[in-house]
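Asker: Input: one structure, supplied below.
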């Protein structure tokens, strides 16, 4: 029996991975930064890291830009649609759900069925689809009530609270773990928007109620659970995005009916609808949307009990809104599938300042064009700075996971060598 310092035949030779060499170089750079080095060297190292981050994730950043453009157009066209046919919300909601269902099912049968996973092919996801639809419906209904006495500035701030709410539930249910920079980045985004919206609140005299503000905040909870359910279905069962959106749209045709009794609530002001008038409202809504016929033209307008109809060409605005909303749903599902609920939450929060800036351009906003405000750019800067800090936290966590994986591989290699050095 002899002792040889060599491995068994067939055992793969373990060589350092290029990724870990790069990580070692990063670690050396970090140790250099901690020493007395010129400011220019620190800036150069930071710019190099930023360049590598953008180069390695260029597709992600392009997707974010596309998603941002789609979101801005979706929100602008939603407001234009509301201005034209705001008296018939139920009709527009149900018609939009039907359009989404037809489009998603058509796309699924043309492209989606060819790439079905084995788990998706042998499992029925009706319960998960229904759960997502019910959670979305609950979120819409609760938000519908909260929005009635929540001013526009407070609405914008409440939407940003989805960041800490999603972080909490993802930590609790999906077992996410965060770096300190994740918390700091999220905190910067929320505080920046809170300060700006607090300053803007002094410029408005609209009615606002703290109780309804809390109701609006509560609507973010079912929305968070809906997104987490999507993430679980996507990542655990590899379900097709088109199939999920198609079936969810089908269920939403029925869950939207849950909103009908909400229109009878007396505090809904201009959109209040007595129960006895629901049938007439639905009929007039179809006439407005498809025939362009105005019904409510007298005793209506700003400060009155009803909005005035502006049905001419309403179907064009509505179709454009439906198109961008469908694109929004597809990109949202793709981000949640490929990345995570928190990635989508952080990305979606840029909508607020981006939409505010979009209202500066008449060709986008139409009659709702606004004058530029410095506070909107401050909000955008705060969001971008907070997002960069949040992303740095993710990079650090990814680096730690890679280092741990490298250590595990090295320890396995040492055990293999120890077993193989004793040979005959």
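Just so you know, glycine gets a Cβ as well, placed from its N, Cα and C.
Note that the coordinates shown come from a computational prediction; the quantities given were computed from them, not determined experimentally.
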Asker: Labelled transmembrane segment by Swiss-Prot, one stretch among 125-145, 272-292. Can you tell me which?
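Answerer: Per Swiss-Prot, the stretch marked transmembrane segment is 125-145.
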Asker: Does the record from Swiss-Prot show residue 312 and residue 376 on the same side of the membrane?
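Answerer: Domain labels match for residue 312 and residue 376 in Swiss-Prot.
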Asker: Among the residue ranges 377-397, 398-418, I'd like the one that Swiss-Prot describes as transmembrane segment.
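Answerer: Result: 377-397 is the stretch Swiss-Prot calls transmembrane segment.
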Asker: Among 57, 87, find the residue to which Swiss-Prot assigns the annotation N-linked glycosylation site.
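Answerer: Out of 57, 87, Swiss-Prot attaches the N-linked glycosylation site annotation to 87.
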Asker: Near residue 308 (disulfide bond), which residues of its own chain have a C-beta under 8 A away, given they sit six or more steps off in sequence?
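Answerer: Listed in sequence order: 294, 296, 297, 300, 301.
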Asker: Take a look at 90-110, 125-145, 209-229, 346-366, 377-397 and tell me which one has the most Cβ pairs under 8 Å to the transmembrane segment (180-200).
Answerer: 377-397
Asker: Do at least three C-beta pairs under 8 angstroms join the transmembrane segment (154-174) to the transmembrane segment (377-397), pairs 6 or more apart in sequence?
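Answerer: These two stretches do not touch.
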Asker: Between 125-145, 209-229, 317-337, 377-397, who has the most Cβ pairs under 8 Å to the transmembrane segment (346-366)?
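Answerer: By the under-8 Å Cβ criterion, the transmembrane segment (346-366) pairs most with 377-397.
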